[in-house]
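Read the structure below first, then the notes.
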Amino acid sequence: METQSVKFGTPSKQATVSKVRVVVRVRPFLPQEITARNGNSKSCIFLLDHQDNGSSDEVSVHLKDPNTSRNESYRLDSFFDQEDDNVRKIFYREVNSLIPGIFHGFNATVFAYGATGSGKTYTMQGTEEHPGLMPLAMSTILSICQSTGCIAEISYYEVYMDRCYDLLEVKTKEISIFDDKDGQIHLRGLSRVPINTMSEFHQVFSCGIQRRKVAHTGLNDVSSRSHGVLVISVSTPCDDGSRPVLMGKLNLIDLAGNEDNRRTCNGGIRLQESAKINQSLFALSNVIYALNNKLPRVPYRESKLTRILQDSLGGTSRALMVACSNPGEYQESLHTVSLAARSRHISNVLSSAQKLQTPKEKVDMEAKLQAWLESKGKTESAQRMGPFATRLVGKTPSSIRSMKKLDYNSSCKVKNSTKDDPSNTKD
């Protein structure tokens, strides 16, 4: 298969910086929506006519409020308009390239974000005629497993009311989250089911879907009341047995939609669910803000959702956000796309454990000090210092440390200013 020839990249090159890709999917108008709009099917979110989505590293996504003159513009990685089968296009352009790395022991995460009714669940699950990202990924992974002898397993759980539940158990049980000394996230007691064929996958997965919590709201007949997470784990054995089995996984996350309770008319348990959903999505927004602004503390522990995503937005993992949009809802689309634009600038960096494995070049501090003194015209005075000069050997002067820090920060600012669009800072 073509996917087997795609190289994920070596840890020394790829794992240093891996930007989270962010794409927008605009779902088609529903027939009843066009009727309610008196036949008007003009979308509030679009690309300019002269833009070619496939010829650039980024696109400029425009939003226009049909009721006012307000216009917004954000830069993202790709844009998928209202075509009926745009989910398949997203898979082959964006998700397919993540899969080979799973067989090399890397992790990847794909999550759908957006308001309720924006098409997130359809994007991830799809239908029998138009499969979503979850079955498309499973099919591709199984094809590679059949030709390589690797083993695929799936887990499926939900985060409901800020608690995690295993959806593959007959009696749904709560599972606990903990992280090990290396910062890896583990879900204690989560079941894993071996999968050999797509028929087995559909049978197991459909049972899990039926256990996921959904309900009717004022905006959606079948509204997800939880965040659903499908994990496809791959075990790659070593041919000669000289190395341990490589373990990689693909997390596919269908986030529950943020809700405006004034429009959904939620009450009782629905209102409590909505509060927890919005709280966890707000926590996700705070994490994204902290990462983008390089804050010393990233509030992963504000919710179970962000705890789960803690190692999905760092280390050597790669991530893709699919921002789902309703073409007829300007305010909701603006909120989704603005968050997506901020998310686009998160970079995955090597963990401290991996940095320790990287060979470090020995620095000759005496030669470095001599070069610095010469550049300042202080060589002769340094020689006159006699025995005092030896005390400086092997130490970095504070002025050199401050110069290094200044150069590093300034280079980061220059780099960001060439890529970031000022409009990306808008809420």
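Yeah, the Cβs are placed from backbone N, Cα and C, and that goes for glycine too.
These come from TrEMBL:
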- G114, A115, T116, G117, S118, G119, K120, T121: ATP binding site (BINDING)
- 417-427: compositional bias 'Basic and acidic residues' (COMPBIAS)
- 19-346: domain 'Kinesin motor' (DOMAIN)
- 393-427: region 'Disordered' (REGION)
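Feature annotations (TrEMBL) mapped to structure.
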{"residue": "G114", "record": "ATP binding site", "contacts (Cβ under 8 Å, 6+ apart)": "K120, L255, G257, A323, C324, S325, N326, E332, T336"}
{"residue": "S118", "record": "ATP binding site", "contacts (Cβ under 8 Å, 6+ apart)": "R27, G257, C324, S325, N326, E329, E332, T336"}
{"residue": "G119", "record": "ATP binding site", "contacts (Cβ under 8 Å, 6+ apart)": "R25, R27, C324, N326"}
So T116 (ATP binding site), by the Cβ count within 10 Å over all chains shown, scores 22
Mind giving me a neighbour count for T121 (ATP binding site)? Other Cβ atoms within 10 Å of its Cβ, every protein chain shown.
24
A correct count of other C-beta atoms within 10 Å of the C-beta of G117 (ATP binding site) gives 23
So for K120 (ATP binding site), how many other CB atoms are inside 10 Å of its CB?
27
